[in-house]
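Novice: Sharing a structure here in structure tokens format.
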Amino acid sequence: MCAVGAHMMWGFFPLYWHLLDYVPSATLTAYRVIWSFLLLMTLSIAMPRLRRALLQLREPRKLAIYAATATMIGINWGAFMYAVGSGQVLQASLGYYINPLLNVLLGVVVLGERLRPFQWIAVGFAAVGVAVMVMMGSGMPWIALAMASAFATYGLLKKKATLPPLEGLSIETGLLFPAALAFLLLQSPDPGAQPYTPVTWLLLIIGGALTIAPLALFATAAKRVTLTTIGILQYVGPTLQWFVGVVLLGEAFGGSKLIGFLFVWTGVTVFIVGGLQMQSRATRQARQVALAE
């Protein structure tokens, strides 16, 4: 239930941030960083592990890794906020659909991993889907590609980061905090903008809590469910985001977008089915080895 809850929260994120669509996306991103960090620091009072996590910054190599992961999560959050604020939730959905496929592609390019045929087919379908959107007039889905690339790179860098999710996020938001605060303090005031109401401030603070909550749920679930289940559930979020964008927020979904998404969905289906079959074979082989012994 924790894993389902986490992905459902991520899926309905656009609906929440849509309540703040009158706040510029860059400003929203800065507040998201600030309130996430402040809330995590408040939690650290009751969680000594969070305090110990900050000691990681004393080591230059680990500091460099977390500086890089902080940059990637900042890009991902910024692109997501821009997608919601500009009425392009479908791009956010697309980004999270293709992210797992981009993960395996990065494994080939950076880590020298070898893809299985079904993985190449899945990546190929996703690439065709993006190409269809470009060639048929929807334009290059830059927001989706920025989100997917940043998050895939984030995942790759995380392989070298040893801290659990909440502790890692504490360091990452801590590294982003000075830049976010400086941005808010130095940005030119909009003469026509109205002062934020108490409701706006409350929504901004809750946004920080909502950033932390699904990550905590996911971290709890990761200890209890199989990797196969986690792999399937990761598509709950983008599916719900698609639902929010098309059904609840009324984004146009036809023509090249529809065709492009159909290719991406086909790639995702191939990826899931192939992964399940591979996991099933591995389980059978393990049982046979156990019986032979």
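Heads up, the Cβ atoms here are built off N, Cα and C, so glycines get one too.
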Novice: Tell me which range among 139-158, 259-278 TrEMBL lists as transmembrane segment.
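Specialist: Per TrEMBL, the stretch marked transmembrane segment is 259-278.
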Novice: Considering every residue in the domain 'EamA' (3-134), what is the mean pLDDT value?
Specialist: 86
Novice: Are there at least 3 C-beta pairs under 8 angstroms linking the transmembrane segment (199-220) and the transmembrane segment (22-43), leaving out pairs fewer than 6 apart in sequence?
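Specialist: In contact, yes.
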Novice: Between the transmembrane segment (118-136) and the transmembrane segment (259-278), are there three or more C-beta pairs closer than 8 Å, counting only pairs 6 or more apart along the chain?
Specialist: yes
Novice: Which listed range (94-111, 199-220, 259-278) shows the maximal number of Cβ pairs under 8 Å with respect to the transmembrane segment (232-253)?
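Specialist: Stretch with maximum Cβ contacts: 94-111.
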